[in-house]
């Protein structure tokens with residue numbers, strides 16, 4: 001398959017990631033190397049290589065200090081961000097540190113202490129996601145759409161883009177996860193109303209670390225996000241934390257151990273709690289057992305679902321305020337909603353469903369796949385954006401979460417001039433372009449910033465970027481030039497100054513508009529009437545210098561080179577392990593066959609020498625050959641195969657001779673059967689009076705009943 005036909009959607013989750021692909025007129029979810037439909041969002045660093053995804057999950061228990069999760073929560077953040085220090089550090093077992101001005105993780109990699117930035121960590125994980133997709137599609141993957149939380153800021157979105165680019169991916173769009181779920185819902189509906197009376201739907205997404213509510217209006221061929229409200233730090237991991245603290249307090253009293261003071265014990269308890277919570281979703285109570293939690297103690301306990309629900313009551317109280325706010329921003333009442341669509345793994349918790357259903361006063365809808373709806377929406381979006389896919393037309397109208405204001409210094413010629421303007425308001429469509437007009441005679445600066453600092457996550461800076469508009473000069477009369485600046489919120493939700501230029505008012509000629517009657521009366525050879533009008537005409541492009549709080553190009557290039565080197569190292573280690581396993585398998589397999597199927601094809605002396613050779617290779621493999629290079633394992637295997645190859649070939653030749661003999665016997669039997677069947681057929685000879693056809697079989701002879709007279713008739717047959 002050509003790489004250009006591979007369109008992939010990635011739901012980059014906090015605990016796991018789902019990959020979907022558009023193919024064969026459908027959206028399929030891709031399974032990973034262990035046939036799971038989702039891949040743990042983990043990267044782990046070892047003595048010889050990295051472990052990514054499922055491999056990182058397997059290594060986590062013994063290597064948790066060098067394993068990093070909650071990857072997307074680190075994107076674009078600084079080390080001193082209070083949400084990093086006070087919240088994320090509780091969910092990440094690796095040591096967090098500052099790397100190139102942003103938060104990263106310090107781990108032991110290749111037996112050395114190494115620090116990786118959040119961009120490097122995410123890029124490492126994306127290389128695994130890319131490899132999973134390519135293995136399934138049997139071709140390269142580049143164009144993707146990646147989901148992000150709607151509350152991600154400009155710098156967080158840029159960090160994710162940079163990580164994806166380092167991993168060799170080309171994101172066509174960073175898509176807000178609520179919009180992706182809405183696309184999955186809407187594009188399959190054939191009964192959507194006209195735009196005049198849209199269908200209003202609430203999409204409630206309750207995932208591992210984030211809770212969001214969107215009010216969406218669906219109509220034929222499109223949807224509009226009317227509002228999105230998030231609780232950035234509410235998710236299933238908060239429920240896990242409540243259970244961990246509960247059982248840790250119980251074990252402190254019951255076993256006199258302080259689980260929370262021991263990272264390994266805390267990890268073991270967290271693993272057990274995750275299993276327990278799943279049991280509680282389907283049962284009224286659940287046991288908890290943790291073997292060797294610490295100090296050689298096997299800890300056990302028990303909890304009722306009702307006690308669990310009481311334990312997380314403070315979390316449940318946070319479910320309705322975002323719903324109320326979303327309805328308020330959308331300007332509708334809950335009674336106006338057609339349905340409430342539930343997305344995210346945490347929506348399986350019975351008490352969560354109960355609280356939300358009670359607020360709306362109606363049943364909840366689970367028509368969307370809670371785990372896969374966002375990934376499917378991303379794949380659909382990628383197909384829509386791809387020039388090689390034909391998808392039913394469906395327009396996505398997403399909105400920005402944070403308003404953006406531009407500010408500038410007033411000029412001496414106009415000191416009363418406004419010095420700021422909110423260019424993109426809250427709920428402004430994405431993508432969106434605005435043109436700002438200034439009157440200047442010299443270069444000037446523009447500052448883009450979020451309008452409301454209190455809305456931003458953690459210590460994300462309010463300022464987005466500063467733009468220096470260069471090359472501005474007075475107009476030909478020595479007066480102020482008219483400067484136009486085109487600013488855009490692109491498909492990723494990232495702010496871009498696309499163009500700056502000077503315009504002048506010039507007198508130009510344009511055709512005079514005529515009525516249809518005048519057009520009909522006009523003679524063919526009559527010249528077109530023109531009139532002179534004054535219009536703004538672009539006369540010069542201006543260069544724009546940008547100052548952003550982002551990593552320099554040379555640092556990103558260093559990350560790219562480091563990632564390529566680590567990919568090569570991972571590949572070499574994997575191939576070395578493969579050769580070692582192949583050698584081990586050959587030793588055991590061949591030795592068993594020498595006493596079995598290979599026995600008739602070797603003599604005692606040859607067999608004895610070869611067995612001795614295999615035993616020596618086995619001893620070497622578990623001693624000095626325990627840790628060596630790919631080339632050495634390959635050479636050892638080739639040495640053994642040179643001796644064992646002739647024996648194996650004699651066996652294969654004999655098997656082939658048997659096969660041919662059986663085949664010949666079958667063909668002979670088949671031929672004999674066919675010959676016998678031919679003999680049983682009618683002769684097929686033509687006879688006179690039959691019109692060139694074989695004569696029909698003779699009629700059955702009738703036997704007259706007793707005492708019945710039989711009349712014999714003779715027919716003279718007329719020949720042709």
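The backbone N, Cα and C atoms fix where each Cβ goes, and this holds for glycine too.
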In Swiss-Prot, the member of 38, 44, 675 to which phosphoserine is assigned: 38
From 39, 320, the one Swiss-Prot labels phosphothreonine: 39
Those modified residues listed as 38, 39, and which of them has the most Cβ atoms within 10 Å of its own Cβ: 39
DSSP three-state assignment for residue 38 (phosphoserine): coil
